[in-house]
């Protein structure tokens, strides 16, 4: 009968609650990569800050590496245009709902600055008033707003209000009597470079007006013959240039309006060309720059995305692989101009081009105009990301080798320093080096510096050149082809196409101490690579391992294996392949593991797994995991066992259904009895209101719909019925997890190397491994044998495993102990195995594999585990304290932390929307409690579950004196009314951990009658949650049983009394009812709200069918009616009824 007993877990102590606050806490840290769907670009030349707005309303500002500010529009709108107020740390956003918003970078606590929206204004969203373009005046005090109706409105930036003055299209056209047709929408506005009162107004149909806002008249009018797309002033203020829809541009003089200064120029004519969407004219001592986007010949290059730069004899068409959104030029004059003097020339030195999938910065000061290497905003998805892998605390020696290998690949980049270096980072220098590795569809692995908020590219490894059919792309880094016209030059790293989908990397494993990398691909290729400083020419060994053996019953219908390259191959410095293990059938690898001390690797597919020795470059073991329907030769061995299991399972399920039906009948009878009694009592009460059945029924008869205060804390959470997975499931054979460990698999006396294999069918295979001595390692073979198996009852997929010692610490890697980077494991025995499936976590003792405890997830809340990691959490304030816990992500997007080995819930936080399947599937944990997941194809979101390791931007900007008024300080909230949010580590109503006795059966239920004396505990917990929900002692991860004395009620309630500083004393009334004594305790607190109805719950140990129980219920109802009539303003009454005496015979 032990399996029916429920263990009474006490709550975590106050010391543990304090420790949880030091260890755990959810933080959304920073986004890495390139923002999805960019729509707008702006640059502040004074503060050297770059801003990007997106379709989803996200605003990001970047400066020097580590300087980053992020804002989000309140509404779900797109940011269409951006305008910096130079040198003020402010900018204006134009959104798709015809609204304008003012943003400021304001300093907060400890010098850290944040981006805040301070003002907004909306215009009527009709066709005539829809904003088409905007431009700031020369001194940035006004914003000129052009509309689709052809009018121009003026926004005063200081007050952020519209002026009454409107430059009407009708008034403007009065100066052009020769124009009879409607000029169309305002297409462009360009402010005069020296006169703040003058600006050019360009209309869609080619009409241009030089407007003097001081006199409210047109100085000059111009008429181009083509539809206008863009215009720009020359620095001298006497000339300007216009771009048109036919791919041409015109130069004009302000002194002559009858005709252009020069004839129309079509750079890529004479055949029809696409429109030039934007043009800039910049002056330089070495000759003027003409920079424009578009203008390509329609027939031959109409699908190209280009930006052209022309200067004297230099002419380059920068060719991008995605649509050009916008571009800006970074000029010396804009950075150095002052009110008392202007530079003679613009002298552009950088070109920033924002395209749909990346950002590219071109160096205009260096020969051949190379691109800068990006310190941030990298296009992570240059080829689609297929997997990712994180490495903590990389040794300095390996780090430097990766840096050196990457520098040999960046010869095509500019050697100048990054030009956008505004702001100041306040973050301290990182003490460790962290790597993020991303596997890609084109067979490459990219190495990123993940130590800071700026995810910086380090090195790219290509695996495709190991196989035949791969050809190196032509190198265009030296410049454009001499005879090609137009002179294209490919720039950017985004390349969404892959020549062969079989190259895609599926799994990565890196040992940073031995500098060994294993990469597994889509076609079953497992590549072992070693870091080398020098270029080498060598032959790569290829070994084939047929997982399904020589069975004639299996037919592979998928793609073929990749053909290896023959002979010696040249490899650049960096990771170089030593051997390739080709698994057959050539299915995608689903799991991978490495143990560099033993020089062994293991890889799994949908058909089985293989263990290989990369020291001797040969296979050690393979096993097919296909189910009997796929492999008929396995039916004979498993038939008898399957029949026996089915019979046992049938009997067990029959008894469970019988117990459940009996319990349901008893439950129904109790509800009917109490319903009849309550109905009779309600009829006898004069002037009383009807009393809820749920509120008066005893706890043992409470249903799932009962109120929280009347439910018993001792009742088990309702469990969902989870159907066991069928063995015929076609996905059951997938190997989900592989794990090496040196532990006690056979007996308690000796430990040995082992391999643990987890499958999608809920099987765990345990293999022992015999490794020759080090002096014979290269000559004698490694052997391995199956030792044990575990079959999970529901056959839930096994997604992770770990062996812990008696100190509850995960066994460290042998090389980490050797290099003193981890403490040696306790090998005195008492190891335990933690198996994490999609539905539950379970702990087994080793070597007998006896279940110790487990934590159910799916049957309790319906969630399923998607990602798991065993994390070493270190205290925020105490360097010497750390503990291992389980961190997991569920299919609902919730991050959770469970202790080892007790599996107690410590933290639960919603992190990802459950609809974001790509984000959940791409999530990875780090060893110190951080996480990475894709929020779009081009951007990682970084989160942290650790209070110690939080990587967030900590930066500010320095503004000149008097550039803008100081931000208004926010008033401090009054402590009496302020209610602080709960600490992330404090979880309310979390399920309790089940005891080992229950785990043996898996569905143990408490005996009838338990919990009838626990309504008081629920009342107290409800009171605490209502008045002091942020108290650390309100953690309900465990249950409470037994009687609670009146003193305990006083203590808890007095702590909850912080709700009001004027709480009145607690009064007590004793009522005798036949043989039972009931004590009524009333707690009255004064608040500023209306009185609330009295909540009373009765509890008694008298039999449910006795006269005493009926009379108790009557008194409870009468008392509730009496107090509810006294709804005095400002008084809230909470009454708790507690049994203080045992029922006596009478």
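Here the Cβ of each residue, glycine as well, is placed from N, Cα and C on the backbone.
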> Taking 687-720, 721-754, 755-788 as the choices, which stretch does TrEMBL tie to region 'Disordered'?
Replying inline: 687-720
> In TrEMBL, which of 449-469, 470-490, 491-511, 512-532 is labelled region 'Disordered'?
Replying inline: 470-490
> If you average pLDDT over the repeat 'WD' (435-458), what do you get?
Replying inline: 96
>> With helix taken as DSSP H, G or I, strand as E or B and everything else coil, how many residues of the domain 'Lethal giant larvae homologue 2' (265-370) land in each class?
In response: 9 helix, 53 strand, 44 coil
> Looking only at the repeat 'WD' (435-458), what are its DSSP counts of helix, strand and coil residues?
Replying inline: 0 helix, 15 strand, 9 coil
